[in-house]
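Taken straight from TrEMBL:
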- 41-291: domain 'G-protein coupled receptors family 1 profile' (DOMAIN)
- 23-48: transmembrane segment (TRANSMEM)
- 60-82: transmembrane segment (TRANSMEM)
- 102-121: transmembrane segment (TRANSMEM)
- 141-165: transmembrane segment (TRANSMEM)
- 201-227: transmembrane segment (TRANSMEM)
- 239-262: transmembrane segment (TRANSMEM)
- 274-293: transmembrane segment (TRANSMEM)
Amino acid sequence: MEEINKTAKIQFFFRPFSADPKIQVGIFVAFLVMYLTSLGGNTTIAVLVQINPSLHIPMYFFLANLAVLEIFYTSAIAPLALANLLSMGKTPVSIPGCGAQMFFFVFLGGADCVLLAVMAYDRFVAICYPLRYTRIMSWSLCVELMVGSLVLGFLLSLPLTILIFHLPFCGHNEIHHFYCDMPAVMRLACADTHTHQTALYIISFIVLSVPLSLISTSYIFIMAAILRIRSAEGRHRAFSTCSSHILVVLLQYGCTSFIYLSPRSSYSPEMGRVVSVVYTFITPILNPLIYSMRNRELKDALRRALRKF
């Protein structure tokens, strides 16, 4: 009980990127610009889909939900990271606060990964079974798939967060990161974490490999179907609806695999922070840009909305 009380009183601090205040301010400005750009881009997509009846189809329903997930996903990290940058690493976070941030980050990130697999299935049905698309991808199924993504993210996040924060923490309390990431927090535990690291690796492998396998399988069938399309215009149109999704998948799964599937012996905290910047700040910016630049319907909806102003 005394050990639990000591752990509850501990506060964590995040290691600054640099000891130079000017560099910290520069990074703060960069993070703030990326965060606001991400909010603006993803909010624009979500609103465009909502206000345009022509976009009320499953593909854009999932895209709008992905944008909303990205808004909350980035917002779980950015405010505390920005405050920490300005304070030179002197902004404390309690263990419950760190646990809450970790829970929402893993919950939303897990739901994001599952939703990308759902979007691949949607494209598979649209291209391989176009005549049965509206019957297969009914609105009730779309809602169920979206809710299922959130439920799976929750079921992934809750046990992992509980597992890590049952560890005792004492003494060293500086997290070598800019948010409460699981590998970085586990390094501060004053107990053997081998079992916890093994559990994290196994769960991460399953969570990343199963959706990625479904995505890969979907795109094998999609590519085969595209190659059977006779007209060049038809092939280009089909490929353009998929290429943006493939780019987002590569960014998301590539970065998360590097963080959570790298062997502990080869894991570098500094490299981990850099890669984490990509999927917490840069990827949420690129998602709306990639989808909007490669999607004619979305660009047309944006132009119509801008003309009204």
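Cβ atoms are placed via backbone N, Cα and C, with glycine included.
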Legend entry - Surrounding residues of the transmembrane segment (201-227) on its own chain - C-beta under 8 Å, 6+ positions past either end: 110, 113-114, 116-117, 120-121, 123-124, 127-128, 156, 160, 235, 238-239, 242, 246, 249, 253, 256-257, 260-261
Inset, instruction - Summarise the model confidence on the domain 'G-protein coupled receptors family 1 profile' (41-291) as a single mean pLDDT, whole number. - result: 87
Legend entry - Proximity of the transmembrane segment (239-262) to the transmembrane segment (274-293), 3+ C-beta pairs under 8 angstroms: yes
Inset, instruction - Quick one: find which recorded stretch in 23-48, 102-121, 141-165 has the most Cβ pairs under 8 Å with the transmembrane segment (60-82). - result: 23-48
Inset, instruction - Tally Cβ pairs under 8 Å between the transmembrane segment (23-48) and each listed stretch (102-121, 141-165, 274-293), then give the stretch with the top tally. - result: 274-293
